[in-house]
Amino acid sequence: MKLNERSLAFYATCDAPVDNAGFLYKKGGRHAAYHRRWFVLRGNMLFYFEDAASREPVGVIILEGCTVELVEAAEEFAFAVRFAGTRARTYVLAAESQDAMEGWVKALSRASFDYLRLVVRELEQQLAAVRGGGGMALPQPQPQSLPLPPSLPSALAPVPSLPSAPAPVPALPLPRRPSALPPKENGCAVWSTEATFRPGPEPPPPPPRRRASAPHGPLDMAPFARLHECYGQEIRALRGQWLSSRVQP
């Protein structure tokens, strides 16, 4: 199999979320010791680096046509990735704890396309069984989970069925809009007297507009100085009368 090294290096170190990552002990050869490596699982590719800060992977394992199983080895929490074939290599790995080993075994077992085909096949069988239920009408969906067949892997959780949609709420009637806008007079709307526009009591008519008054006397056309003098004389006369009334006992 020919692979593009630059594309694999970019895919191994990109910012996309990973399926699993952590330190594992990898056995180098038939009689070699274990080396601590940083492993990253993306899809069906298992990359391993010198450490977590490395920018280029040391190698990659394509998880197709393989099985993941527990093995007895010098290291505790060991498991192996075995490929079919007489000359196929077996990768022996070891985790740092029991929980880490179980997590890696589960993630690696679900990484291949064979597992996805199995899941799709089981779901298709379920769908065919539901559709061809002897011509009987399907019951209404209830808010509970459907049982899965025993052959389906335990990794798939049952999907809860959705409840039936609620009944539609009747729409409220919209207010009736007038067919024409009321006329305007000098930019102001005039109250309409027709009952079609306002069914309630008739509003009071607007007050009449005041018009500019025309001059009626000689003072209306007099200049300001003359007006000031005339009104000043009246004020002085009134003030004199008021002072004289105070002086008299």
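Note: Cβ is positioned from N, Cα and C throughout, glycine not excepted.
Annotated features, as they stand in Swiss-Prot:
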type     : residues : note
COMPBIAS : 140-152  : compositional bias 'Pro residues'
DOMAIN   : 17-113   : domain 'PH'
MOD_RES  : SER213   : phosphoserine
REGION   : 134-159  : region 'Disordered'
REGION   : 194-219  : region 'Disordered'
MOTIF    : 223-235  : motif 'F&H'
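Across the range of the motif 'F&H' (223-235), the DSSP-based residue counts are 12 helix, 0 strand, 1 coil. Taken together, the residues in the domain 'PH' (17-113) have a mean pLDDT of 91 on the 0 to 100 scale. The helix, strand and coil residue counts that DSSP assigns across the domain 'PH' (17-113) are 13 helix, 41 strand, 43 coil.
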